[in-house]
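This report concerns only the one structure given below.
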Amino acid sequence: MMDLQERNEKLFYKLLIENVEELLPVVYTPIVGEACQKYGGIFRRPRGFYISLQESMRGKILEVLKNWPERRIQVIVVTDGERILGLGDLGCQCLPITIDVGTNNEQLLKDEFYIGLRQRRATGKPNSCFSSVLEYSELLHEFMRAVKQNYGEKVLIQFEDFANHNAFELLAKYGTTHLVFNDDIQGTASVVLAGVVAALKLVALPRILLSFSGSEKSLPAICISFASAVTSYKLQVPFPRLLANKNQLL
């Protein structure tokens, strides 16, 4: 399938659309998980961009982005590879734009076919050493600044599979200056809320009690979405306006 995508992308998507049930398990879960874990062993050619923490790339991210031939970019999916599909730290082995800041995965560090930086991960985690946090935040900030400068303010930046300690921080930091989205947080919350709202229309209960449990990073966003929906209904305030001021609900 990947060979077909490289040769004829239109035919690849046509085949996928016309055979969704048969091919979706091949190009997505569960097979894609194994492909991510063994990416270095099956790597043939790059797709998208690779931005690393190497000194030679500092201050050159804008120059790298300008190498992409298509100018009318509407959506960018970016990851630092720390939490891929619940599989953990897969380093640089993923997605159209990869921010390679190293990896803490011992198996990958010892893998002769691993294509990423062979060094410990620089992270934005609060209890990490100061230099690690600074390196990580500076690289991400340069990337975000370069994206806006090269593609404008309306390009959507999706933060994909970042670890919890960075996912919420990035949304909060860039939510007012960039068009950003995190599928694991906001996408999951939207689907859960939509499912409950649709179910309530069928059962028509006058009152329900909801209980949330778990450690996934989507859980706080789900709670905020439900709180916003209830408040919107009671106060007759448009739902998007409440979500824009979600901090007032906490």
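Just so it is clear, glycine is given a Cβ too, placed from its N, Cα and C backbone atoms.
Keep in mind that TrEMBL annotations are predicted by a computer and have not been checked by a curator.
Keep in mind it's a predicted model, so treat the numbers as computed, not measured.
Now, the feature entries from TrEMBL:
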{"type": "BINDING", "residues": "R83", "note": "(S)-malate binding site"}
{"type": "BINDING", "residues": "E160, D161, D184", "note": "divalent metal cation binding site"}
{"type": "DOMAIN", "residues": "5-175", "note": "domain 'Malic enzyme N-terminal'"}
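This view paints the features noted in TrEMBL onto the structure.
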residue : record                             : Cβ neighbours (10 Å)
E160    : divalent metal cation binding site : 22
D161    : divalent metal cation binding site : 23
D184    : divalent metal cation binding site : 20
Where D184 (divalent metal cation binding site) sits in the secondary structure, as DSSP reduces it to three classes: helix
Conformational class of E160 (divalent metal cation binding site) under the three-state DSSP mapping: coil
